[in-house]
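Enquirer: I grabbed these lines from TrEMBL:
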DOMAIN    4-102  domain 'Acylphosphatase-like'
ACT_SITE  ARG19  active site
ACT_SITE  ASN37  active site
Amino acid sequence: MATTYELIIYGKVQHVGFRDRIENIGRGLGISGIVYNHKDGTVRILVNFPSERKKQLFKEFIKDLEDEDNLIKIERIEERELNAYIEFPEGISRLSSDDILELNKKLDEGVKYIKLIFGELVEHKKILLEIKDTQSKIVGKLGKIAEILENKL
């Protein structure tokens, strides 16, 4: 029989698409459980592992998410074995305590990232203008070199 565990994921894991990724990993490994945002900023996963190997794979895939998605930052994963077995529907399901509040938080996060992107674009524009200016100077110098070579021929 499978054992039920609670995994507590610390880091930047709320409102960045993390739970969706957890659902996909669970589905791929044939693992059942639930995933939800906790009020302390962590993501909690109650999950049944049919084997130690599946548990290790699941945790490895979770850690790999940080490399695949630069919005996700995982500080650590805590694991607790529960004293009870909980039977879950097939797959990992997401729980939402307040869909409107959660949607608003995601929109706020999205606005924050859009502002970061625009800030980056302003910096990139400055750099591109500097490159354009430098290229114009180089083209001018190359034109003078071409004139000198033409006069010598």
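Don't overthink the numbers, they just go from 1 along the chain as shown.
Every residue, even glycine, has its Cβ placed from backbone N, Cα and C.
Caution: TrEMBL annotation is automatic and unverified by curators.
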Enquirer: Can you check how the pLDDT averages out over the domain 'Acylphosphatase-like' (4-102)?
Expert: 91
Enquirer: Tell me the Cβ contacts of ARG19 (active site) under 8 Å, same chain only and six or more apart in sequence, or just say none.
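Expert: Within the chain, ARG19 (active site) has Cβ neighbours under 8 Å at VAL35, TYR36, ASN37, VAL43, ARG94.
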Enquirer: For a quick check of packing: other C-beta atoms within 10 Å of the C-beta of ASN37 (active site), how many?
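Expert: Excluding its own Cβ, the number within 10 Å is 21.
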